[in-house]
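Chemist: Questions regarding the structure given below will be posed in turn.
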């Protein structure tokens, strides 16, 4: 096995799902396992969550749904993103549920389904303030028209929050009001759908009025909080992924020794330069050059020089005992020290979501 790997603790994911269900109460939880389950491995995570009681899943794209089916997972799967109408046959074959988010798309689906003499279940997306895909909440006539199309059966209607992870929840509450306008209109017209849903991880924790029939846990399943503005006491989450590598070489070098491309790191004293066999092609951000930290022997050590495509170097005190083959942790816990995805995100100038989903296919996932 490659001396770089990500350990995924499935029991921690199951624990986090239990926290979701505790918060959701009567609403059903639909785990979001898009982007390879946020880098954790969609198939393995889905199987673990099914064992914990999950009955349906959400993904972003058609291929993610197909991968689940090919792995033998037959639970309902909602595709949250855009699926072109020419993929209708695949949706039918794999029994996947698309999202319809504008009138022209729905009509194109209806035309193909009519020709095939088939009916397809779908969920209707409402834009209440995200400004992304979806019928604008005021387009009530178009929404009603689509919901009455033949060969298409609306199983659900949903929206997505733009700012539920911020300290100020006023915009999220406005989005709830807008979504309720649509729901009340449909009820007045005698149009019923089985599932109404809106809540992402932040809303699951902070906006119980947004739980409706389904909630869509994403980042919290993997032990991460949506932002620093979401109070930690709302849910006890356990991070599920640890990124590890084995030391490839140790060099004892004098003061004035330069390291990596551009010689941007120069030792100020005698130092151990420890090489690790992973780099930005594995999803370890180049922006962590001379900024990131690595755990070796349960202590924090700084990245020395620029992160390379396939390797990086760490500056360790010359008195430390480090040997080739020793284990280093780049994300997660070693001893009493922890490097969090949020900490890494702050250094890079991004969010913890990107830290996790950026871990590339080259890194084997090991399930513990």
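Glycine residues also receive a Cβ, built from the backbone N, Cα and C atoms like all the rest.
Sharing the feature lines straight out of Swiss-Prot:
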type     : residues : note
ACT_SITE : 34       : active site, proton acceptor
ACT_SITE : 261      : active site, proton acceptor
BINDING  : 132, 309 : substrate binding site
MOD_RES  : 34       : N6-(pyridoxal phosphate)lysine
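Distances, neighbours, how buried they are, the whole picture for these features please.
Modeler: Using a 10 Å radius centred on the Cβ of residue 34 (active site, proton acceptor) and all shown protein chains, the other Cβ atoms total 20. In the three-state DSSP scheme, residue 34 (active site, proton acceptor) falls into the helix class.
Following the DSSP three-state reduction, the secondary structure of residue 261 (active site, proton acceptor) is helix.
Under a cutoff of 8 A between CB atoms, and with a sequence separation of 6+ in the same chain, the neighbours of residue 132 (substrate binding site) are 160.
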Chemist: In sequence order, which same-chain residues at least six apart have a C-beta under 8 angstroms from residue 309 (substrate binding site)?
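Modeler: Correct list: 279, 280, 281.
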Chemist: Relative to the Cβ position of residue 261 (active site, proton acceptor), how many further Cβ atoms are located within 10 Å?
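Modeler: Excluding its own Cβ, residue 261 (active site, proton acceptor) sees 10 Cβ atoms within 10 Å.
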